[in-house]
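As given in Swiss-Prot:
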BINDING   49, 50, 115, 124, 140, 141, 190  FMN binding site
């Protein structure tokens with residue numbers, strides 16, 4: 001099972017809590033995180049894109065770096081780890097994304113891929129006059145289908161004459177082309193999102209579910225496998241989890257309860273409000289899971305809370321779920337968390353026993 005890190009491109013990472021570590025996103029922080037991840041043989045690093053935050057006492061995600069420029073910088077200071085940036089497709093023409101991706105492919109020596117998102121938070125785009133109207137919720141995967149067709153044309157042949165409802169290419173050119181086939185990943189959990197991933201993506205991200213229920217996402221992975229069977233393609237699932245680990249189960253649980261007790265209710269109310277704007281995509285979208293009150297303090301990603309041994313055991317359970325190709329990890333404290341993962345958790349994982357033990361780098 002592959003291991004990735006979901007780098008904190010926005011302030012405070014993924015904990016919407018006054019009790020969680022409070023920090024701003026910087027290149028130096030993300031550089032340290034990804035270089036540590038590479039040192040411990042993580043397979044990939046991904047950054048999201050967020051153009052407007054949730055506010056509240058913690059100003060959650062009100063402060064964000066930009067994904068492609070961040071990952072270009074990280075590509076230049078790493079040598080092995082795969083690097084993925086996220087394209088907010090409403091804001092960037094596909095021909096520009098194709099050229100940016102080809103550039104970072106050159107910087108990274110063929111280690112780059114692109115995560116495509118349709119956009120779900122209207123204020124992110126409305127603030128720039130770029131929201132196409134609420135009918136977009138129902139047509140966004142039609143838009144994305146044309147978008148990825150243009151990308152594949154340009155990456156594959158260097159030229160596109162695509163004509164569609166959303167994009168018109170007139171002998172559009174991109175050169176140099178990527179040195180390797182460009183990986184495309186998506187994060188669809190709705191039926192439309194999974195159908196898109198089955199047709200066009202190499203991997204599909206999904207949320208883990210619950211606290212210490214590592215296989216609860218299995219029905220989602222099964223749906224992705226079923227969708228891929230219809231297209232005759234192999235599209236594995238990468239599952240999002242937060243790791244909160246310590247020497248003992250009790251110590252880790254105490255940290256988790258402390259974070260929950262400091263939940264930023266104002267920021268969470270904003271998330272809930274935005275999740276209700278899309279009435280077209282069904283009840284199984286990513287944003288609706290994010291806003292579920294069960295564990296909204298970390299946007300309801302699957303949460304693994306326990307001793308290093310307990311977390312290792314639960315990650316092995318994740319790996320046992322059919323259709324699972326990897327996990328995308330966040331941490332309550334990224335720098336300490338990655339060190340603990342590399343030194344204390346990964347060596348105990350059966351699914352990572354091919355990785356030689358690594359000790360902490362000397363600064």
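Positions of Cβ are set from backbone N, Cα and C atoms, glycine also.
Overlay of Swiss-Prot feature records on the structure.
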{"residue": "49", "record": "FMN binding site", "contacts (Cβ under 8 Å, 6+ apart)": "9, 64, 66, 67, 85, 86, 87, 88, 117"}
{"residue": "50", "record": "FMN binding site", "contacts (Cβ under 8 Å, 6+ apart)": "9, 10, 61, 64, 124"}
{"residue": "115", "record": "FMN binding site", "contacts (Cβ under 8 Å, 6+ apart)": "46, 48, 84, 85, 86, 87, 184, 185, 186, 187, 205"}
{"residue": "140", "record": "FMN binding site", "contacts (Cβ under 8 Å, 6+ apart)": "118, 119"}
{"residue": "141", "record": "FMN binding site", "contacts (Cβ under 8 Å, 6+ apart)": "118, 188, 192, 193, 195, 196"}
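Largest Cα-Cα distance over the residues recorded as binding FMN, namely 49, 50, 115, 124, 140, 141, 190, equals 21 Å. In the three-state DSSP scheme, residue 49 (FMN binding site) falls into the coil class. A 10 Å cutoff on Cβ-Cβ distances gives residue 190 (FMN binding site) a total of 20 other Cβ atoms nearby, all chains included. Every protein chain considered, the tally of other Cβ atoms within 10 Å of the Cβ of residue 124 (FMN binding site) stands at 20.
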